[in-house]
Every structure is written in C-alpha cells, then in structure tokens.
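Below: one structure, written as structure tokens.
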C-alpha cells in the first residue's frame, strides 16, 4: 500500500489509501517541466533515503507498543523514499533586480525605529524580529490583465533573507471605499495549496473560464474590503525557497513579518480594521497566526476578528463526524453502505485514543501515526467511492485537478508568461498545490496538533467566526459545529446551549431568503451555509458575500 495524498483542496489530508486512488493534484502538482530543474545534490534519491534510515534508528529506542504502532504505519510507505520525499524540492526561479520593484521595505529599517514610550523610556515602534525580512512591492496594472480594471493592485514578495524564503502576495483594493473599508488577509489551506486558487475560484475579483480568460466576479470579497491573497508556506504557488516550512507555528512568523512591513509601506491601510480569513487547513493556520499577531503589544496590525471556513481545527472532535456525514446524517443522502459505516464506527475509538495521545504529547512520534491511521480508517472509505470529498452531492469529475476543472484553468492562466511577467513572479511555473509540503507538515506531526487550544485566548480579545458549507465532507459542518460547542472557554455553556437561528439575506432584492443558520454568544459565532461545499464562495457566492459583509460590519459581535 502506498502513501498517497487524499488532498483537501485548500486543506489536504495526507492519507494512506489504496494504490488505485488517483493522486490529486494534476496541474497543481509540479506544473511544467522546469519545476525541479535546479535540485541541490543532497536532494538525490539517496539523500531522501537518509531520513528514513535515521527514522528507523530512532524507532529502536521506543517502547514495544510504540514500535508496533510504527511498524503498522510503515506498511503504508513506499519502499523507496524517492517515491515519497519528506522535503519539498526547490523551484527553478530567477530573482528580479531591485530596479523592477516600486518599493522595497527593509525589515532592518523598520526594526531600527525607536520611539518614546508611555513611561518615558525608548522602545521599538513595533515588536518582532524583522531584521532578516524585506518586502518588495510592485504596482500592478489592472488593465494589462483585465482583472478588476480601475482597482488599485499590488503584487510582490516577502523575503526572509536569512532562510532564503520568498512568499508571493497579491493585494486588491476595495471597489467601494478603500479609505475606510477594512483589510482582509485570505489564506487557502492544504497545507501546500496556493491562495490564488481562492482568488480565481472563489472570492477574488475574477474567475477564469474555459478559454483561460478572466471573468468579472460580481460577488468578490473586495466589493467592500481590500483583500491580500498570500501564497504560503514557501514553495506554494508563486512562492519559492531552498529551505522549507514544516509546521504552522513557523509559518506564523512569516505572516507577522509580511503584515508589519506591508502596513509600514501603506499606513493608509494600517489604520483600517484588519481581519484574517481562510478555509480548510487555515483552521490550523489562523489560530496560530492571530495568536502571533496579538502576542506583539507594539504592532501596526489592527486585528479585529478572524473567519475560518470549513476548517480543520480540532481533529479529536471533528473526526467523529466523518461517519455521520458520509452515512446520511448531515442533511444529504448517504454515500456509504451500512457495512462501511459500521467499519468507521469501529475504527473511531482507536482513532480518538491516538489523537488524544497526540494532544497530550504534541510529539511527531505520536501525532504522525494518529494522522495516518485516522485518515486511512475514516477518510479512505469515502474516497474509494469516487464521490467528491468537497461536495457530497456529486462525483469527483476531474481527479487530476482536485475534482474541479476550474483549478486547471487557474493553473493554465497563472502559467502564462505574460501573467507571470505582469505580476512580477520569479518562478518559472505556478502549481496550485504542492503535495511535498503536505507531507512535510504531516510527518512533522502538524496535522493532528491541538491548535484549537489557542482559540479561547483569541476569544478573550477578538471575535471568531466558524462557518461551514453544509455539503462538504472533508471538513463538514457537523464536525465544525461540534468542536465549537466542545471548546472550553468562559462562555462555553451559553454558547453550546444557544439554538441555531435562520440566517437570511437582508440587503438586496432577495431579502428574506434563507441561506443558512447561525448561533452566537459573546465573541464566538458558528454559521451553517446551505448548499455550500468545501468552498462556500464558489458554490454560494451571494450567500458568501452576504455573511462576509455583515460580519465585517459587526452584526454578531
């Protein structure tokens, strides 16, 4: 049996599944012949086998029970590590000269600014270790690409010069009132999927049609907010590096640096309310990234709330709801037969026991087996049916593009030389999802770690919205509702007992139309969105923009 990625588009689970299961990725997986054209010598097949040998040596020091568990996990591995590398290969790239960019913000310059504090003593204007970071900014001509003409746009890179990491971003100013509208950072998941898929498939100002042309989106989230789309971690989308990020905490440092330098360059946006939104594996990212921002008392980031859509945040609670969602208890017909449903029920106690051990130790030695066992036992039965894991209502129509042909259109568009040139990208090819990164995070134990424990700390300071399209399987609404009710925080009892109420459109010609359900107490809100799959803004664009605008307006907090 081979380890193959059971990818969650914008939230991928690396699960052990039967060898006939198609590797999801298509155009997103190493697009173009130049993807790995420049590979360091130590990234040979022999180089990749070394981690496995070291890994096997470490196993000798474990208890008999732990070794038995790892022997079971090892049966899921390919014989040769060059078939399943634990490190992402560097992308071929060509760095543009400084003269190409309109602005370069040096982290060392920002770090050198001292001010007089309230106690009369000198202190840095902003906190954080920024010396190694630079931000490169290019004002992009909307007319050259036909994407939201008339709307101000910036693209560029955050450079971590110490670790040779370069994160690509694309900023769109609000169509409405940019001097007063909030700013939102959007993050897709994976781990290892580009946020530009969210831009062009979900909530950005344009989608890409079959002719590989941009099409105006009336329901774009920059209708009433300025939005930053960030390709992170490195080696995702247009981002690149010769090093790697393998856990969510490390990625959080980069995001803090990006925002700090961006708002330093553009103080007109820094004064606006700021929010972080994302989906799927962003259920891991966002609690960490928001906590990182809030940990800095001296900051220029006006964080007001976070929004997580169809996220994976608390595996212990959420994995319990794969069987109900697959077996007809989530509001849609059953996908699995009774025998498969029973096998999932039988596997759940062991799965939760393993996750519980992961939560206690937070050790990769415990968390990795939990991820692989639980994904194999509770995700693979659904995958084998050929049904779309992101939408229980239909089959996976395009397995080479994570079930959606539109992802292939996006990849084709972003690989056009004229697009790469217009946005200043420095890689020779764009890939929508990098499954090497997915494995990096998995084998560092990140997948099952208890990042939900950070949410109570967020609730003390800012509002948190958990929303879920109710047709998604992979990060389904049942599990998301359940973990929010199980979360221990001062308002738990009142929140858990709150009833779901109708969510209706209030501000357009469809006023009164029911689009979902909502419950809220204090700073915590959950929404179920009717008819939405894993990507709510793609499936239900009107409903998506409705709740988004109202959330930013403070209706539920």
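Backbone N, Cα and C atoms are what each Cβ position is placed from, and that goes for glycine too.
Quantities reported herein were computed from a predicted structural model and do not represent experimental measurements.
Listed in Swiss-Prot:
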type	residues	note
ACT_SITE	280	active site
ACT_SITE	472	active site
ACT_SITE	534	active site
DISULFID	193-433	disulfide bond
DISULFID	327-341	disulfide bond
DISULFID	351-374	disulfide bond
DISULFID	358-367	disulfide bond
DISULFID	396-403	disulfide bond
CARBOHYD	224	N-linked glycosylation site
CARBOHYD	523	N-linked glycosylation site
SIGNAL	1-17	signal peptide
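Swiss-Prot feature annotations superimposed on the structure.
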{"residue": "193", "record": "disulfide bond", "DSSP class": "strand"}
{"residue": "224", "record": "N-linked glycosylation site", "DSSP class": "coil"}
{"residue": "341", "record": "disulfide bond", "DSSP class": "helix"}
{"residue": "351", "record": "disulfide bond", "DSSP class": "helix"}
{"residue": "358", "record": "disulfide bond", "DSSP class": "helix"}
{"residue": "374", "record": "disulfide bond", "DSSP class": "helix"}
{"residue": "396", "record": "disulfide bond", "DSSP class": "coil"}
{"residue": "433", "record": "disulfide bond", "DSSP class": "strand"}
{"residue": "472", "record": "active site", "DSSP class": "coil"}
{"residue": "523", "record": "N-linked glycosylation site", "DSSP class": "coil"}
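It is 367 that, of the disulfide-bonded residues 341, 367, 396, has its Cβ surrounded by the most other Cβ atoms within 10 Å. In space, 396 is the closest of the disulfide-bonded residues 193, 367, 396 to residue 341 (disulfide bond), judged by Cα positions. Around the Cβ of residue 374 (disulfide bond), the number of neighbouring Cβ atoms within 10 Å comes to 26. Neighbour counts of Cβ atoms within 10 Å were compared for the disulfide-bonded residues 327, 433, and the top value is held by 433.
When the recorded positions 224, 280, 523 are scored by other C-beta atoms within 10 Å, 280 scores highest.
With respect to residue 193 (disulfide bond), the closest of these recorded positions in Cα terms is 396, chosen from 351, 367, 374, 396, 523.
The CA atom of residue 534 (active site) is located 26 Å away from the CA atom of residue 358 (disulfide bond).
Following the DSSP three-state reduction, the secondary structure of residue 367 (disulfide bond) is helix. Within the group of disulfide-bonded residues (193, 403), the Cβ with the highest number of other Cβ atoms inside 10 Å belongs to 193.
The two recorded residues, residue 523 (N-linked glycosylation site) and residue 280 (active site), have Cα atoms 21 Å apart.
Within 10 Å of the C-beta of residue 534 (active site) we count 30 further C-beta atoms, all protein chains included.
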